[in-house]
């Protein structure tokens, strides 16, 4: 595994609607391995390996959850709006970058509460983002001179790192830079493939799956797979989506029923190649696959990815073993993909 590249992807800034830095990293990595590479009007990066039917689409989203400056009072306290969902309690004490326009480019701050600022006891954890604010030490006028304004992106800061061993990689944007890494690896591995393959790095998944909707309409695939992460459910019994025990294949989530035909192919390959595979039935959350599946007259779709603990925090972490197994499984599928999967 190219751990250096994975770290680079995780550390890159790319909140929904501001994915340019991530997109440029990916472009440089894959441009010599594909026949066509372009950016659409939404900002999706679409990579094409030309071939005959079937036309297969794999999607992974570039964006991450984050925050935006909503208001600034005279003392310099900045209130925030969420971009995607973040548990407010996980933000307390978090160092952040406020991304300003040049020449400043960014200013550091910390997310706090009135109780913490005044060294008073917190009677309960914050339940709403409105209870938190960013403190930079600057007042409103000083922030204005520094280029800070309403609408600036706020990026929680944490560099990628290993936990107890190098198997477990942690960082702020595991969701879904892991998926982006998997697609990059597949693009480099898949050579002399006769089938028509589209690898789409989507935008604005965290706020509404918007990039998937427009790119699927353009590609018009015969079938598709979203490569994403899913929340580990391995703290309590029954343990499911266990970190380190193989990729997770979605059967259903809160918004879609995954295509049985594609899932059967993946399960059969996993069995033949002795690749560990976990099956997921989820009651909350969905992915790019939902919007892909209802594009035009419908696209048979499913989701595969890896389990992640502490999802949507700067302490998210995943297993490199799961990432490797996910790549192996998709590689075997794409070498000889099913021509069509209707049901």
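The backbone N, Cα and C atoms fix where each Cβ goes, glycine too.
In the three-state DSSP scheme, residue 61 (Zn(2+) 1 binding site) falls into the strand class. Its Cβ placed at the centre, residue 61 (Zn(2+) 1 binding site) has 31 other Cβ atoms within 10 Å. Positions annotated as Zn(2+) 1 binding site by TrEMBL: 61, 175, 228.
For residue 175 (Zn(2+) 1 binding site), the number of other Cβ atoms no farther than 10 Å from its own Cβ, over all displayed protein chains, is 26. The Zn(2+) 2 binding site annotation in TrEMBL covers 175, 206, 312.
Other C-beta atoms found within 10 angstroms of the C-beta of residue 205 (active site, proton acceptor) number 29, with every protein chain shown included. Residues or ranges marked as active site, proton acceptor by TrEMBL: 205.
Spatially close to residue 206 (Zn(2+) 2 binding site) yet at least six residues away along the chain are 16, 61, 63, 64, 65, 83, 84, 85, judged by Cβ distances under 8 angstroms. The residues near the Zn(2+) 2 site, meaning same-chain residues not in 175, 206, 312 whose C-beta sits within 8 angstroms of the mean position of the site's C-beta atoms, are 64, 65, 84, 85, 86, 173, 176, 311, in sequence order. Fewest other C-beta atoms within 10 Å: among the binding-site residues 228, 312, that description fits 312. When secondary structure is read from DSSP and collapsed to three states, residue 228 (Zn(2+) 1 binding site) falls in the strand class.
Counting in whole angstrom, residue 175 (Zn(2+) 1 binding site) lies 10 from residue 205 (active site, proton acceptor) by their C-alpha atoms.
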